[in-house]
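Step one of this worksheet: look at the structure below.
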Amino acid sequence: MSIQTRSLGQIKEVPLSQIRRPIAPVLDYAKIDAMVNTMNGEPSASKTCTLEEAKELDGKLPPIDVMAVRENDQTYYFAFGGCHRFQAYERKALGSSDNDALVRCKVLPATRKQLQLYVGASVDTMFAAVDKANAASKD
């Protein structure tokens, strides 16, 4: 939980496929394995979570902070942390019939300008298809 979402009580489940992660992760695969085991009902310790803490999670991972930008009746989700949790959800989805896992998130409303603080000028590239669709609908 971050400073930004500490006061947000509501946890929302967002399909993994809808969350964009613009920054490439650096991963500890043993940590991901422990998270997948915990989600599968077999709590496991990792470098950042003791066995006791994993047991307290009751098969659920802590929510991931996600920014939500709403434009033209569409919501675009972006995440900059929680890389190991994302990988654990992805790995668990690959082993099931549903390839699009629901990710527990704390959603922060944001604007494109606020998102730009994280990704700089690449925000324009990220929204190029949206801008193109908007321009076409105005013609």
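Each residue, glycine too, has its Cβ placed from N, Cα and C.
Residues or ranges marked as domain 'ParB-like N-terminal' by TrEMBL: 12-125. Sequence annotations record features per position, and here TrEMBL assigns ATP binding site to Gly82, Cys83, His84, Arg85.
Here the features listed in TrEMBL are painted onto the structure.
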| residue | record | contacts (Cβ under 8 Å, 6+ apart) |
| --- | --- | --- |
| Gly82 | ATP binding site | Ile64, Asp65 |
| Cys83 | ATP binding site | Arg21, Pro25, Val26, Leu27 |
| His84 | ATP binding site | Pro25, Leu27, Asp28, Lys31, Ile32, Met35 |
| Arg85 | ATP binding site | Met35, Leu61, Pro62, Ile64, Val103 |
Starting from the ATP site formed by Gly82, Cys83, His84, Arg85, give every other residue of that chain whose CB sits within 8 Å of the mean position of their CB atoms, in sequence order.
Pro25, Met35, Ile64, Gly81, Phe86, Gln87, Ala88
Across the domain 'ParB-like N-terminal' (12-125), what are the DSSP residue counts per state (helix, strand, coil)?
44 helix, 30 strand, 40 coil
